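Shown next, in structure tokens, is the structure this report addresses.
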Amino acid sequence: MGEVVVPGKEDEDYIPQPTEKQQKILSTPDFGIGDAVDASPVSGFLSAYGYLESQDADTGKVGEKTVSALKDYQKFHKLKVDGKFGDKTRHLMAQPRCSFNDCSVAAEFPIRGAWQDRTIIYAFGTLSQQVDKTKCMQAIQSAMATWAKEIPGLKFVENEAHRHHEVMISFRKVPDTDCVETLEGGELAHASLPPAFGTKFPGMPKPVHFDETEVQWALGKQKGKYDVESVALHEIGHLLGMLHNGSQESIMYPRVSDNKLARKLSADDKTGIRRLYPEWKRVGGSFTNDPILVSWTSGNFTNLACVGGDGGLRHRYQREPYGTWHPAGEAFEHLGGKLAGNVAAVTRAEEHVAFFARGQDGKCYSKWYSGGWSQWVSRGGDVQGDIAAVSWGHAGTRTDLFMRGADNAIHHKYYDGAAWKPGVETWTSLGGNTTGSPKAVCWGPDRIDVFARSAADKSVLWKAWDGTKWVPEGADWTSLGGTALEDVAAVSSGVGHLYLFIRGADNTVYSKSYRDGKWEPSITEWGHHEEDLASQISSPISALAYNDYWDNFMYKRIMLVALSSSNLVRLKMYDGRQWRKWFYLGDKVMAGAPVLHPQRDNTPVVVARGTDGALWKWE
């Protein structure tokens, strides 16, 4: 990439001078671990772009932390990874670049998260004084159009700056005092990630800012100047949720040279943006039941299963996130069985998955994979509804099952790594007078929380294993109030934290949380978001809780999916700070309740049964 230009020079062939920050990097001598060199310009650079914590910077002799960060920088930029600061590393660091971090995520196609609404309203603020203003706007709009071609339903809509807008595009004098990143010292531009996924620009509108002080701009190739559209294409990629990519072919590479056009997306760019903004794709099959998704402990192997119309279990798998599904095409692996209702699944160790379902004879049956598929084995019982299955650790050996029996009580059995207790086909009654199917969740070893609906009034009932006993003991259950039309959706975001969601009598979503021994809003009351009053649903809720690590913060995120009153799939997310609005996942009408499963990032996988009986996947 070319060097930074000081505006105001009339000569088109003017060769720019480095900024003070760049000059300090250029003046830093070669060094390696243990050298008595002032490496602060380099460690400051590494800290600014996500490779080194500022408190970890070495003083005096060059230490392991600086060398380790330098190796990460070299690896990202495809340099020789030796941890030594020399000519090639020095030259690259001194080049102008985007102000965004490089290495927040190590991924094949680095992405962060998407806009919920695919209509993005933007406005132009102050434009560059160096180029024609109308053509400058057109160049930025052309960059928007390039991304929009790859995203189904994406629209950029311009509004006047004094009216409502979600994005403000402007050329700023340095330092840019409105933002955390000031654009000083060789930074061409910066942009925010989508709402809920950035930490440096948490408010609205989201900025897309270009450096008007230290950079000279052009509308095309010009020596010593930077093409507005090329830089805009990169920054709008960030605005849409893309992260930096170490491939120089990618438009999301942190640098673009002066006197160069970079106006086309690479294959990596197209793959990444399509993962961020998916559409419904047919998986196939013909079903009347709802599917389940489950991954091995590493998250690298996903199983999709559903009971077919003949009672046999159909299965597909994916070896890695976004990978190819097997068998190929729309085929399913037939795992046999004579089942009824929906299947439950649990994975307690790598390369192990177990399925549980009610058989057509009313007994619980299980089948598992551990290097190969077992036969279906009876676990007994007189099952009404569906099985709930959870695993709570103990070196990957523990599995607990819950079901509603013919007496409407909840019954329990568990596998301790050696045998099923109380017996292969016997169960222990936990009491209760319930309807529907129980739900269970674990926040760690020796803790299980079980939820069911009262047969008397459809209120939510709760019973917990505290490590030594069931609470309350005997056949009693604790009432949590509410009126649940369907089974409870229960998730845990960590030790001591539970979140419950139900479809209430008015077909809207109600919730409550448990934190450090206390239910909120109270043990019998349920919360109701104002927006939910006008957002009716028509299906059971699928919920997912996960921890999202970003910029040295951990966000506890929760996602919900359900069918709307018009049978479209809707998603709602808690972003770690607040609940965001419901939004539609496309416009495909579904016949069955959607189910959620996470990838390694903030792009959920949702599977639902369509009106054609086939499974469809939002991925």
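Here the Cβ of each residue, glycine as well, is placed from N, Cα and C on the backbone.
TrEMBL has this to say about the protein:
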- Glu235: active site (ACT_SITE)
- Cys98, His234, His238, His244, Met252: Zn(2+) 2 binding site (BINDING)
- Asp178, His190, His209: Zn(2+) 1 binding site (BINDING)
- Asp211, Glu214: Ca(2+) 3 binding site (BINDING)
- Glu214: Ca(2+) 1 binding site (BINDING)
- 111-279: domain 'Peptidase metallopeptidase' (DOMAIN)
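Cys98 (Zn(2+) 2 binding site) has its Cα within 10 Å of the Cα of these binding-site residues: His190, taken from Asp178, His190, Glu214. Each residue in Phe100, Ala191, Glu235, Gly237, Met242, Leu243, Asn245, Ile251, Tyr253, Pro254 lies on the same chain as Cys98, His234, His238, His244, Met252 and has a C-beta within 8 Å of the C-beta centroid of that Zn(2+) 2 site, without being one of the site residues. For the recorded positions Asp211, Glu235, His238, His244, Met252, a Cα-Cα cutoff of 10 angstroms around His190 (Zn(2+) 1 binding site) retains Asp211, Glu235, His238. Residues Ser170, Arg172, Asp176, Cys179, Glu181, Leu183, Ala189, Ala191, Phe201, Pro207, Val208 surround the recorded Zn(2+) 1 site, their Cβ atoms falling within 8 Å of the Cβ centroid of Asp178, His190, His209, which are themselves excluded. Secondary structure at the residue listed as 'active site', as computed by DSSP, is helix.
Its own atom aside, the Cβ of Met252 (Zn(2+) 2 binding site) has 25 Cβ atoms within 10 angstroms in the protein chains shown. With every protein chain in view, the residue among the recorded positions Asp178, Asp211, Glu214, Glu235 whose Cβ has the most Cβ partners within 10 Å turns out to be Asp211.
Rounded to the nearest whole angstrom, the C-alpha distance between the residue listed as 'active site' and Met252 (Zn(2+) 2 binding site) is 8. Confidence in the domain 'Peptidase metallopeptidase' (111-279), given as mean pLDDT, stands at 92. Cβ neighbours of His238 (Zn(2+) 2 binding site) (same chain, under 8 Å, six or more residues apart in sequence): Cys98, Phe100, His190, Ala191, Ser192, Leu193, Met252. Taking the C-alpha positions, the distance from His234 (Zn(2+) 2 binding site) to Glu214 (Ca(2+) 3 binding site) comes to 19 Å. Comparing local CB density within 10 A for the binding-site residues His190, His209, His244, the maximum falls on His209. In this structure the C-alpha atoms belonging to Asp178 (Zn(2+) 1 binding site) and His244 (Zn(2+) 2 binding site) are separated by 23 Å.
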